[in-house]
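Read through the structure below, which is laid out as structure tokens, and then see the notes.
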Amino acid sequence: MIALKSLLVALSTISGALAATAEPELAVRQGPSTPTGSGNHEGFYYYFWNDGSGSVNYANEDGGQYSVQWKDSNSFTAGKGYENPGLRNITYSGSYTPGPRDHLTIYGHTQIRNPIVEFYIIEDYKYLLGNVGPKQGSVTTDGGTYDIYTSSYQSGIPEGANLQVYSVRREKRVGGTVNLANHWDAWNSLGLRIEYPRYAIVAVEGWSSSAGSATIKVE
Ligand SMILES: *[C@@H]1O[C@H](CO)[C@@H](O)[C@H](O)[C@H]1NC(C)=O
């Protein structure tokens, strides 16, 4: 991970130099995305993926902090949090300047296949995926109310998730504490069988040629 961090620092130095000497719009659009990856960084789990479109620059910063800038990306996920978190509280803070189709979400996968589930606790969004089904219920927790949705979906992730569950916060925010246990209780009380998370990160996801930036710190 030290090698990767050095590489990320080197790349951001290069792109910084390019931005200083070239026409800024072009420099960003032509710049390479930083390498995708996942793993442990200073005691936190990070996950960064993009579909190769546009430019997405992700950097692990100290402890639970990361930053990401994106431009013309059709799809990416970037975030930091915990591996095998159990149903803990996740506290985060930061700054988030999204484009028109991005969202800030607690994101992860469950432990067990059949079905492995991708979960989202969406804190702030500009655009919700079109493929969510009708509202299934709601849960009041973490100082707000979240509406619950599910969708069946064959995702591109290697594990092949085939169900997604969403809690979507009505009172959008950037920063606070999310009590995973309350969301799990609410999801399972609807008859869903959502196993414990394999990892849970505080993530930014972008869609459809979006652009923006974020710096997020997980406690
Ligand atoms: C999460 O925070 C709530 C409120 O402070 C607390 O009651 C609960 O025990 C915490 N959960 C865990 C798993 O620590």
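Just so you know, glycine gets a Cβ as well, placed from its N, Cα and C.
The signal peptide annotation in TrEMBL covers 1-19.
What TrEMBL lists as domain 'GH11' is 32-218.
Look at TrEMBL and you will find Glu118 tagged as active site, nucleophile. In the three-state DSSP reading, Glu118 (active site, nucleophile) counts as strand.
Counted within 10 Å of its Cβ, the other Cβ atoms near Glu205 (active site, proton donor) come to 24, all protein chains included. The feature active site, proton donor is assigned by TrEMBL to Glu205.
Taking CA atoms as the reference points, Glu118 (active site, nucleophile) and Glu205 (active site, proton donor) are 14 Å apart.
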